Structure formats: structure tokens, C-alpha cells
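K.L.:
Pasting in a structure now, in C-alpha cells, and then I'll have a few things to ask.
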Amino acid sequence: MDRPLLGREPSRRCWSYSTLTSWLPILSWLPKYKLRYLQMDLLAGLTVGLTTVPQALAYAEVAGLPVQYGLYSAFMGGFIYTFLGTSKDVTLGPTAIMSLLCFSVVGGQPDRAVLLSLLCGVIQAAMALLRLGFLLDFISYPVIKGFTCAAAVTIGFGQVKNILGIQDVPHQFFLEVYYTFLKIPEARVGDVVLGLLCLALLITLMIMKSRLGSDHGSVYSRFARKLVWAIATMRNALVVVAATLVAYSWDACGHPVFTVTGHTAQGLPPFSPPPTSDTTSNGTVVSFTEIIEDFGGGLAVIPLMGLLESIAIAKAFASQNNYRIDANQELLAIGVTNIMGSFVSAYPVTGSFGRTAVNSQTGVCTPAGGIITSVIVLLSLAFLMPAFYYIPKASLAAVIICAVAPMVDYRVVINMWRIRRLDLLPFLVTLLLSFWEVQYGIIGGVAVSGALLLYTTARPKIKVSDHGVLVMELSSGLSFPAVEHLSHIIHTQALQSKEYFIWYYMITSAPCPSFTVFTFSPPACPPRSVVLDCHHVSIIDYTVISELRDLLRQFKLRTVKLIFSGLQVDPFSPFSL
């Protein structure tokens with residue numbers, strides 16, 4: 001078997017690439033391209049393309065945009081990533097989470113969504129050029145899981161109204177829940193029946209595909225396994241096409257019983273820069289600066305979440321398929337995709353886990369498979385847009401619900417409870433705030449995670465043992481937030497006498513027992529010498545040095561000693577105790 005052209009084993013990876021090759025990874029694999037790779041890339045690109053088209057239409061609904069904007073956003077990534085990407089598996093395009101974030105910032109306004117794509121791309125590309133990918137390390141796993149769970153619930157429940165065929169439901173989550181239940185009597189029978197049938201069919205195909213990889217799959221012949229796998233992989237496209245045919249048939253018979261997508265713009269989008277100003281319904285012109293102010297924190301949240309989602313996916317499949325990726329190059333690929341996408345009316349995109357999984361399972365060999373996917377999307381825009389008129393919204397809702405359902409992972413809560421219960425705090429803060437506003441959930445979760453991290457830094461564990469002198473062992477580094485805590489421990493344990501409290505519980509005949517507190521001070525204990533074990537301490541800052549000097553003076557005044565053990569001395573440091 002040939003080795004993958006992209007991302008060879010770390011032990012044999014050659015680091016002597018030229019600067020041009022490092023910026024254009026396609027130059028590293030294109031000269032070695034073989035005809036057999038073309039066959040696999042064509043198959044993978046076709047399979048992913050048939051998955052992309054219905055998902056793109058559905059995700060545009062989540063973003064509150066006309067459905068054609070989902071397709072506008074789905075083709076640029078395949079071309080750009082072929083030249084700039086370092087993973088053979090990743091596919092860039094609209095996703096459920098980015099669509100929800102986009103809606104939360106622009107409220108379904110197409111021009112602003114396109115401008116948001118440009119600004120996000122500029123920020124992401126700048127981060128790549130400045131090597132700022134490390135900022136993603138400050139978003140902890142509990143925050144990510146809290147956000148994805150909340151996003152899945154928000155997106156999934158947001159499609160219930162389309163399953164029921166009801167109108168005029170607010171988009172704010174809590175109001176959406178209230179009005180959805182309030183308007184259940186207005187549900188359209190045709191949409192409910194069709195939506196439930198689509199859900200049942202999608203779930204059945206998902207289960208069939210999952211069983212192919214288990215022992216139960218052995219009952220299938222080789223041909224049957226391939227057939228079931230192909231049908232299950234293209235289930236979204238098959239279900240949407242079948243539902244569209246049903247809706248068209250009923251409409252042709254004069255019984256329009258389904259809520260359909262309706263008129264969509266036909267043809268390819270014009271290639272033009274995104275508008276930098278906006279005009280409201282009453283004719284007021286909104287300047288570029290005012291639009292930026294309206295975006296607010298979304299300009300920070302959306303680029304970071306887009307990078308986080310795509311890089312996490314790339315790393316997962318790189319590890320699975322035994323190759324390495326360049327995280328900063330991935331940032332550049334996403335940034336350039338969003339910049340160029342804004343010129344074809346795209347809203348922000350990122351890596352898609354579901355489509356990347358399909359790409360990998362189909363056996364893609366290089367990023368060139370994305371070109372085939374993009375061509376399929378372009379052909380759909382050029383020739384199939386009139387047919388999209390009859391796509392029932394209930395079928396698109398079923399596709400979205402099945403796509404986001406696996407994101408609700410209850411097992412992560414159990415694992416956090418078992419490993420470190422304190423991690424549930426940022427998880428719950430992110431989860432609950434995300435139901436209010438998505439960006440507030442992420443910001444709140446990051447703030448709580450940061451506070452927990454700072455508390456750990458400010459309160460390092462100190463093990464105290466008595467060996468004639470007090471031995472205090474620091475379990476981690478020592479920086480300025482921890483100075484006051486260390487000083488307090490040393491004072492109370494070695495330099496001050498202690499006051500003891502005894503709680504005496506007196507049983508009386510009164511209805512309520514009484515508690516009496518006795519306080520006494522034993523004879524003053526003399527100050528004691530301390531050995532401060534610092535063999536775990538690798539960093540000491542100026543504030544720590546100043547406080548330790550003060551402690552040394554206090555020990556000297558009391559004629560006892562403060563001894564430092566295991567210090568890692570830096571010969572070039574200007575500080576000394």
C-alpha cells in the first residue's frame with residue numbers, strides 16, 4: 001500500500017522544505033500524484049458532494065439566510081484547501097455551530113453575514129501569520145463540550161417548528177420553546193408526517209451503517225455491505241430528493257400540503273467585494289464602523305471557534321490516519337477561505353466533522369477530493385436551483401436534527417464527575433449562558449476556566465511536615481499570586497503562636513441544644529526554623545523574591561532560620577536571596 005502523499009510519518013518527515021513549499025503544501029504532494037489516487041479522490045469528492053448540498057441548504061436555514069447562501073459558502077473551501085491545507089481528510093464549509101454563531105451575530109442579514117466572513121477571515125489569517133494559534137489553548141475542554149451541547153440543543157429544537165410547519169416563532173431560545181409549544185395546535189399534518197418519516201428513515205440508515213462495522217455486519221454479503229454503506233452515506237441527499245419528489249407530486253395534483261423552501265436565486269453568485277455599509281428598511285445608512293460595533297464580541301468568538309473546530313477535526317483524523325498537520329497553516333487555509341468566500345457571498349465556514357468523516361471513510365488520498373465536492377456544489381447552483389423550490393422544510397429540519405444529535409454527549413458529564421468535579425462549573429456556566437446568547441456562553445465559560453486556573457496558581461499545595469524543623473514542600477511553581485498564601489502559611493506555622501478553639505456541645509433539657517465556645521491560648525510557642533523545599537519550583541518572579549527577602553529578615557529577627565532546599569539556580573539571574 002502506498003503511503004499517504006500528505007502528512008508522512010513524523011519519524012521520516014523531511015524538514016528541508018523550501019519556504020514556498022511550506023506556504024503551499026500542494027507542492028509537496030502534487031508531483032507524486034498517481035492515477036490510482038485520482039480514482040479514490042473522485043469517489044470521495046462525489047460522496048462528500050452529495051452530502052454537502054443538502055446540509056448546506058439546511059445550515060443556511062440555521063443561519064437565518066436564504067438557502068442559496070449555504071451553497072455559496074460550500075464551494076470555495078474545496079479549492080482553497082487543496083492548495084493551502086495540510087490534512088487530506090478535512091473539508092471546509094458551512095456547519096451547524098458556525099451557522100448558529102453567524103445568526104446570533106448578524107440576525108439573518110445576508111450582507112452583514114458576508115462582511116462577517118471577510119472580517120473573520122482577516123482575523124484568522126493574521127493569527128496564522130503571527131503564530132497566535134496558542135490562544136486556542138485557553139479554551140478548555142469543558143467549555144467546548146458545554147458550548148457544543150448547548151448549540152446542539154438550540155439548533156435541534158429550533159428545527160421543531162419546521163417539522164410542525166408552524167410560522168412566526170421567535171429565534172431567542174427560551175421564547176422559541178414557549179411559542180413552539182403554544183402553537184402546536186397550528187401544526188400542519190403534512191409537514192408533521194413527512195418530517196417524522198424523514199427522521200425515521202435517517203435514523204434507520206444511521207443504525208444500519210453503524211452495524212456494518214460490528215459483528216452484526218457479517219450477515220451481509222460483500223456486495224450488500226457496499227450497497228448499504230453507499231446508501232447510508234448518501235442518506236441526506238436521498239431523503240431530501242425523495243421528500244422533494246413527494247412535495248412536487250402533491251403540488252402538481254393541486255394539494256400543496258407541505259411547507260417548501262420556495263423561490264431561490266438561480267445561478268452562480270457574482271464575484272464582488274462584500275458591502276462595507278448597510279441600509280435599513282427605513283432608508284438609514286449604517287456605516288462600516290457602526291456595523292463593527294453591532295458585531296461586538298462576535299468578531300472574537302466566531303474566528304476562535306472556527307479555528308478551534310477545524311483544527312480539532314484535523315488533529316483527530318491526522319492521528320487516526322497516521323500523519324501530522326501544521327496548525328498555523330490550517331489557520332491560514334481557513335482564513336483565506338473565509339476571505340475569498342466573502343467575494344462570492346459566503347458566510348463564515350470551518351471544518352465539518354461529519355463530512356470529514358465521510359471523506360476519510362471513502363478513502364480520499366489528497367485534498368484534491370475537495371475540488372470534486374466544490375464542482376458538484378457549483379453544478380447544483382448552476383442547474384438545480386429551480387428544483388430546490390419544492391424541497392420541504394421538514395426534510396431539511398430532519399437532516400439538521402440528525403446531524404446535531406450526536407453532539408449532545410451526556411457521557412462527558414459522567415467523566416468530569418469522576419475525574420474532577422470542579423470542571424463541571426465551566427461546563428454548566430457555558431451550557432446555561434449559551435441558551436441565552438451563544439457568545440456569552442463561550443466568554444463566560446472561558447472566564448470561569450481562567451478563574452479556576454488562577455486560583456490553582458494562587459493557592460499551590462504546600463505539604464508541611466515536622467522533622468525537628470518544619471519542612472514545607474511546594475508542589476508547583478511559585479509566582480506572585482501565590483506569595484500571600486505562602487507567607488500566611490509560614491507565619492502561622494512557624495512565626496506565630498496559635499489560638500485554639502474548642503466547641504463544647506452541651507446537652508440540656510431545652511427544646512434546642514446549646515453550643516458554647518471556649519477559647520484559650522496555650523503558652524506561646526517559640527518561633528521555629530523552616531526548610532522550604534523548592535525542587536518542584538522552576539519559575540520565581542520579582543514579587544516572590546521581594547517577599548522571600550522580607551521573610552528572611554523576619555526569621556533573622558526571631559533568631560531562627562529560613563532555609564531553601566532544591567533551588568534551581570539560574571547563573572544569569574540578577575536576583576539573589
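Cβ coordinates are placed from backbone N, Cα and C, and glycine is handled just like the others.
What TrEMBL records for 468-577 is domain 'STAS'. Annotation source TrEMBL lists transmembrane segment at 42-60, 114-134, 187-207, 227-250, 295-318, 330-349, 369-389, 396-418, 438-455.
Surface or core, plus neighbours and distances: that's what I need for these features.
P.N.:
Through the fold, the transmembrane segment (42-60) approaches residues 66-71, 73-74, 78, 91, 93-96, 99, 230, 233-234, 236-237, 239-240, 261, 352, 354-355, 358-359, 362-364, 368-377, 380, 388, 391, 396-397, 399-400, 403 of its own chain, all at least 6 residues removed from its boundaries and within a Cβ separation under 8 Å.
For the transmembrane segment (187-207), the residues of the chain that approach it from at least six positions outside its boundaries are 162-166, 231-232, 235-236, 239, 243, 246-247, 250, 257-259, 392-395, 397-399, 401-402, judged by C-beta separation under 8 angstroms.
Proximity of distant same-chain residues to the transmembrane segment (227-250), defined by a Cβ-Cβ separation under 8 Å and at least 6 residues beyond the stretch ends, is recorded for 47, 50-51, 53-55, 57, 190, 194, 198, 201-202, 205-206, 208-209, 212, 220, 256-258, 260, 358, 361-362, 387-388, 390-392, 394-396, 398-399.
Sequence-remote contacts of a segment are chain residues at least 6 beyond its ends whose Cβ falls under 8 Å from one of its Cβ atoms, and for the transmembrane segment (295-318) they are 7, 86-87, 89-90, 92, 95, 97-98, 101-102, 104-106, 112, 116, 119-120, 123-124, 127, 133, 135-136, 139, 144, 147, 324-325, 327, 330-331, 334, 338, 348-353, 356-357, 360, 438-440, 442-443.
Long-range Cβ contacts of the transmembrane segment (396-418) within its own chain (Cβ-Cβ under 8 Å, at least 6 residues beyond either end) map to 54-55, 57-59, 61-62, 67, 96, 142, 145, 148-149, 151-153, 155-156, 159-160, 162-163, 195, 198-199, 202-203, 206, 236, 239-240, 261, 354, 424, 427.
Same-chain residues lying 6 or more positions outside the transmembrane segment (438-455) and placing a CB less than 8 Å from one of its CB atoms are 100-101, 104-105, 138-140, 142-143, 146-147, 150-151, 154, 296-298, 301, 305, 422, 425-427, 429-432, 481.
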K.L.:
If you average per-residue pLDDT over the domain 'STAS' (468-577), what number do you get?
P.N.:
71
